[in-house]
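Novice: Please find one structure pasted underneath; my questions will follow.
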Amino acid sequence: MPEPSLPLSFLCLLALSSACYIQNCPRGGKRALADTALRQCMPCGPGNRGNCFGPGICCGAELGCYLGTAETRRCAEEDYLPSPCQAGGQPCGSGGRCAAPGICCTADTCSMDSACPDEGGDGAQEEAEKNLTVLDGSAGDLLLKLMHLANRQQQQQQQQGKHPLL
């Protein structure tokens with residue numbers, strides 16, 4: 001009689017423990033998760049110009065926010081990735097981050113927040129245009145960005161008036 005009860009009690013003990021089993025361990029073990037650097041959340045929305053804030057929230061400075069629409073479908077995949085991510089800019093609200101001008105989002109909801117300023121000034125737009133490799137958009141989006149960048153540089157040169165006319 002003691003032989004069948006030993007494996008059964010071991011199985012019960014294993015089921016009740018809160019150990020990190022093989023199927024859900026983060027790389028490096030349970031304690032390694034706190035040491036990893038946060039990565040940027042997955043891109044989403046039209047032309048992948050937004051970032052996922054939760055399983056049904058996609059926001060971007062140019063787009064605003066999409067909640068529970070077709071543009072947010074890709075955001076559900078974020079839950080299956082092993083490393084944590086952080087989207088948005090500065091912290092706002094109660095545990096949220098600035099998602100778009102005037103909008104603060106958590107993983108569950110978004111709200112209007114005046115602590116999230118319009119970051120779409122010339123400096124932010126120039127920085128985004130310099131880093132075109134981050135964009136995952138189509139060739140048409142890339143061409144449009146290049147045209148805007150060339151136009152902006154030409155306007156800056158004309159305003160400075162430093163280049164001689166030949």
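Cβ coordinates come from backbone N, Cα and C, glycine included.
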Novice: Choose one of C92, C110: the cysteine that TrEMBL connects to C104 by a disulfide bond.
Specialist: C92
Novice: I want to verify the bond table. Which candidate from C25, C41, C44, C52 sits on the other end of the disulfide that TrEMBL records for C85?
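Specialist: Checking TrEMBL, the candidate bonded to C85 through a disulfide is C41.
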Novice: Please report the DSSP secondary structure of C44 (disulfide bond), reduced to three states.
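Specialist: Once the DSSP labels are grouped into three classes, C44 (disulfide bond) ends up as strand.
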Novice: Within 10 Å of C44 (disulfide bond) by C-alpha distance: pick out those among the disulfide-bonded residues C52, C59, C75, C92, C104, and say none if nothing qualifies.
Specialist: C52, C59, C75
Novice: What subset of the disulfide-bonded residues C41, C52, C58, C98, C110, C116 lies within 10 angstroms of C104 (disulfide bond) at the C-alpha level?
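Specialist: Near C104 (disulfide bond) by Cα: C98, C110, C116.
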